[in-house]
Each structure stands twice: as structure tokens, then as C-alpha cells.
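Heads up, the thing below is written out as C-alpha cells.
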Amino acid sequence: MFVSHAFVVSMFLCRVVGQDEDNVPLTIVGLFDEENTVEQQIFELAVQKVNIDPNFSNVFLKAEIKIVDSADSYITGLQTCESMESGIGAVFGPSHLESSNIVQSLCETMEVPRIEASWENTPVENFNYYFNPYPEPTLLAKGYTAIVHDMDWRSFTLLYQHPECLQRLQDLIQDYSGKTKPNDKSVAAISIIQLPEGNNFRPILKDIKKSLEGHIVLDCDAELIYTVFKQAKEVNLLDDYHSFIITSLDAHTVDFSGVVQNIRTNITTVRLIDPSNPVVENIVKDLNFVQQRMNLNIAPLQAHKLTVNAILIYDAVNVYAKALEGLGKTRVTAEPLQCKSSPFVSWSNGFKLIHFMRVIETEGLSGLMRFDNRTGHRSYFTLDMVELVDTGFKKIGVWDPEKGMTYTRTSEEMLRDLYVGSKNKTFIVSSKITEPYLMLKDDHAKLIGNDKYEGYVVDLIAMIAEEMNITYEINLRSDGNGKRDKKTNKWNGIIGEVQEMRADLGVCDLTITHERRSAVDFTMPFMNLGISILFSKPEDPQTNLFSFTQPLSFQVWIFTATAYLGLSLVLFFLARITPNEWQNPHPCNPHPEELENSLSLLNCLWFSMGSILCQGSDILPRAFPTRLCAAMWWFFALIMTQSYTANWTAFLTSNRMETPIKNVEDLDKKGGLGNDDGIKYGCVTDQSTASFFQNSDVNLYQKMWSAMESYGDSVMVSDNKQGVDRVKKERNHYAFFMESSSIEYEVQRNCDLTEVGYWLDNKAYGIAMPFS
């Protein structure tokens, strides 16, 4: 329970003033590198607060401050020995490695607890009198690794200041070692760069921007953080597609107001203390009250300005006081110790005191504390994951060694933050003029901005903008979707714009391919399609008034006409000669004077015509010779009619509109290598269709790609429009491989074109975005 009211503090000040002269305070020594630091102030104030805290009725401490030269470990050891000769209960500090080792050795010999409140970069498993409320180094490193993983970073650049930073982040570095970037398997997932001496970091920051790495882990002193971000803003590194994780636990003390305005960069850091926590605020108020009673001429403490070392010194003093209180009613006293000459006599209370400290579990300024009873390291702590916003730091999650990462904001809140962050931004949409996806309006010269365009892409982006309540601007590219330079691995065109983060979205007939996915990210597909063949439609046969004569040759028609006339004349003469063809015109008169013959010349012609046309006649022969002649003609007419019908059917079938190719196999047969008079075929150079043939494992497609490569520019085109024009111009002599969706559009608007065969593959169009 913390004392938070002034009148309570005043009551217990009487205990300090009225101490019995025989009740000697227990001296604890603080070794500091500099004088009048915030750590020193907190140390003194924490001791005084313990002395007036009613929860520590059996504890009375005295703070002894010593300013040591961290570079001179010998002098530091002598100063520590002098303090031990006077009798001390603990040594706080120092933080420098060499001096720390000397002091720890003395404390081990004299059995005096040594309390460290900073990051320890050497193992101390064999030290029996060591205590440190700073998070255990390996656990802290696991915390950083968990945060990076939780943010789904698959690659990053590590910017560090001191060599010990690499030790502090060793777990994170090892975790990403051996991995490669998902978008470029030839590049390592982690790039490690040390900040140069001085304050000019612009060249390194520019190199990071050129590398297109969007994730950066920054490990440096708190005093340097603002300078790094200020210069990062100057080189345009603080944009939408860069994210930072600051590993310094003192990042909450940095004033970011000069760099966070009008930026949308995700800046995340971790902290051990929440300055807005009511418990923290009450403790700081109590320390300021103690400071006023001590008449110290220093500025009041502020929670958001307390360094992690200062916070942990306060927690260490309180744990030390709890251990003294927990040892019982008898006050622990100091004993003069001789460490300059043997035999050495150790402190009798040191062993039980240090072990009592290691089993304490308590709540402090830095949260819940739990310690390893073998090493004295802090085994439990919580890291607040905070995000930098315009109004300051916003807590988004908590990590601890037992539960791992726990988010403190819901998915709805995350989406709301994304919407809020995108309201004041104008998204740059990179596209190109391609029917029907993006076209200029007829009156575009009179219009400005996005109003100049129409098409599928315009409608799609407009719907997305309306749904997300964002604004956008369309920028045109004249170099197409883009192709990769094999030497520099850079892209041009729309893919290059998005990869270089000069555009937020790339929208057009942009096929999602494996190679493009290595350069940019894609949304879910908005259209599914495949590669097909665009070819010219067969020409309609010419109309001929006498086409009905074509099933039979001219000679056959002449012979048939001759036979027709000949038969008619023969039938006429036979009818004249044969008596049975002459009939009584008046059957009632048995003795007529005249007889008549129905097979006149006209009737014979009509009879022959009706027979060959299968229509019959009301005039029929009666005599045997004429009937025999008619039967022969009927047989001839049957043969001719059936032959004409069969030939006519074949003629109609052969004149039906048919394309010379029906699928890709036919195209290969009629347009392969060595067939210069056949049907040529091609596609757009260096685009997804060309990549399909180039990288295909199918023998037929590999063969066709070899043919296209062999003919080169004579069959390859620069864009779809050029390919369509060539198909129309070179009718039946050129086929163009094209996306099925574009073919459907062209076929609907050009009656001379048609789609041939089946889809060669299945692919999709997507919206390109930079990697986040």
C-alpha cells in the first residue's frame, strides 16, 4: 500500500525526527557515474519515502551517494571498500561493466547484497549476492522477438547504436538469421546497420529508403531517438509504408511532437511504466512531497520523464525495504567490514537478506515483479506495447513471459484507426489507358482530375473509395504494366510505381503472377480469366444467283438438257407412230371420223420436265413403246435427282463459314517454325502472357514460345491494341494470344474477330499494393 496523502507523510516524519539516538540507520550506498542525475534523485527520495512509510515501521535507511569514475575500476573498488569499513547494508550500482565486476567481487567476498538497476550484459548465474529488477536479458529479447512476429514482419532492417545492442537483440537476430525476404529469395530477411558517430544519419536513412525495406527496428539511446526520426522525416522515410519498432525502454521520455505531425508512419515502442497509471501518479506525487520537505532545489518529478533505470532504482529500494521488514521485528544493523586486508570477515545478515529479496513478489512502479531465486534476475515483468499517435502514446497490447502477447484493443478499434488514418490522405492510383479498363472521355480536354477518365477501373476505384471514405488521384503510366530489369531487379511501369511506393494502388488489367508478387502485394482477385486466341472470323461466301447449278458441272447440265429434249422428241414420234396412242375424242360415237393424240410436242416436253422434277403429270403414255420410253426416263430422272441432292448437300457444307484453326494445336501445326506461309502467332512482349509461354513446362507451349522468339518483332507486339489491329489487318494469317476478358470486349465490338479454342491457363486480375 502506497502513502499518497500529505498529512499521512507529515505524521510519520515525526518518526524520523524523533529517532532514538541508539537506533542507527542502515546505510545503503549508491554508486553513480554523474552527479545530480534523475537516478540519484530517485534513489535519495525512495530512501526517504521508505523511512516515512508506515508499512516499514522497522526499517530505517540512510542513503550514501558516491560519484565514481566508471572508467577507473580500481578507484571504484577503493571507494566501495571505504564504505564497507563504515558498515553498509547494500550497494546500488555502478552500471559500467568493468567497475560493476569489481564491486560485485567485493560484495561476494563481504556477503553484501549488490543491487543493479540496469541492463546486465554478462551472465551472473554464479553470483550469490546479486539482485536486479531489470528484466532478465534473454526474456526481454524474447519479448522483442514476439512483438516483431506478432506484427507479421517477415523482414526488417536493424539500426543499432552500441555493440551491446546486438547482445540485447540476440534472440531476434538469431530467429531471422538464415531467412530470406518473401519477395526476393536472394536477399536476407534481416539487414543490420550500425548508426555512425555524430548526428548525421541521413545517408543511412536514404539507403534504407532505396532498399524498399518497410520495417525498421531501432535500438539506440533515448537521447538519439528524436534526431533519428527528425532526419528520417527529412528524407521522406516516415511515409505510409514504413514501420518502426523502438526497443529503448526510455522511449516514453522522448517528445515526438516535432515529428508525428502529418505523418502516418506506424511507430511502436515498448515500456515498463505507464505514466498515466493512477498508482504511478500517486507514487510520483509522494516523491515530490518528500522532495519539498527535504527542501531540494530541483524541478518536480514527472512520470513521463522518468527513465527506466530511475524507475527500477525506486522499485529496488522498496524490495530491499520489504525484505528488511520481512526479516522480523529485530532491526538489521550494519557491521564494519575489512576488505583491504585478510582475514576477511563477511556481513552476518547479508545471506538471509539477499535470499529474502529474491523470493519477494510485489507490485512496483514497473509493474508486478518476480525474481529468480538462484540468480537474482527478474523473471516476470510486463511490456506495454504502445503506438505513437498525434496525441501521444496509445497502448495497444501487453506482453509477459507467461501469457505472451495480449491485445488491449479490439479488431473493430483497429479498423477504426485505419479508417481514421486514411481520411486525410489522397491515395495515388497508377494505371494506363487500356480499353475497357481505363479510357479518356470524348470531352476529356475540358475536364480535370479523375473526371477525365471512364471505364472498369474508374468504376471499381470509385466504389472502393466510397466504401472506405477515401480520396484518390489517378496517375497514368505510358510504359505499361511493367517489366523487371534482371540486373537491378527493379521494375518499371505500374509495378515499378507501386514497388517504389510512389503509388498506393496499381489498377488495370494487371495479372497476378509469381514474379510480380515478388515485387508488390496483391489484393484478392477482382476478375478471373485465362489466355485464349484472338483470330479473324471467316468471311461470308459470295452470293450467286445461279449457285443452285454448282452441284453439277456445266457439261452434266448440257448433257441433261440434251437428254431431256431428245427424250421428248422420241416420245413425240413414238406417240405418232403407235396406234394405241390415238384415242376417240368422243367415246359416245363409236365411229368417229377423227382420232386425237394427247402426246403432243408440248405435252411431251411437259411430261419429261415433270418427271425429272419428281412432280409427275396428268398426261401419261398408253402404248407399250411410249411407256417403255417413259420408264427409262424415270429411272434416269431418279439417278439425276438423287445425285443432285447429294452434291447440293456437300456443296452447302463445304461453303459453310469455318475458321482454319479450332484450337492451339491447330495453330501450332499451321504456324510453327519453318512454316513461313502458315498462320503466325504472337503476344505482348515482356508481359504475363509471354511469361506463361516462357516458363511453361508443357512441351507444346515451349515449342510455341521458341517459334515466337525465333520470329521476334515480326510477331510480338508492344500492347494489346497493336495485336488486335494486326489480327484485323492480316486476316487469317495472324493469331494473337490475349487475356480472355479483353478478347470478349474486342469480339463484342468487332464483327471481324472471334475467340478460338479453350483457355490455356487460369489467372486473375488484382490490385497491386506496396508491401506493408
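Each residue, glycine too, has its Cβ placed from N, Cα and C.
Summarising the annotation, TrEMBL assigns domain 'Ionotropic glutamate receptor C-terminal' to 426-772.
Per-residue confidence over the domain 'Ionotropic glutamate receptor L-glutamate and glycine-binding' (436-500) averages 89 (mean pLDDT, predicted model). As annotated by TrEMBL, domain 'Ionotropic glutamate receptor L-glutamate and glycine-binding' applies to 436-500.
If you look up TrEMBL, you'll see 1-18 marked as signal peptide.
Residues or ranges marked as transmembrane segment by TrEMBL: 554-575.
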Residues in the domain 'Ionotropic glutamate receptor L-glutamate and glycine-binding' (436-500) grouped by DSSP into helix, strand and remaining coil: 27 helix, 13 strand, 25 coil
Outside the transmembrane segment (554-575), six or more residues from its ends: residues with CB under 8 Å to it: 581, 597, 599-601, 604-605, 607-609, 612, 621, 623, 625-626, 629-630, 633, 636, 640
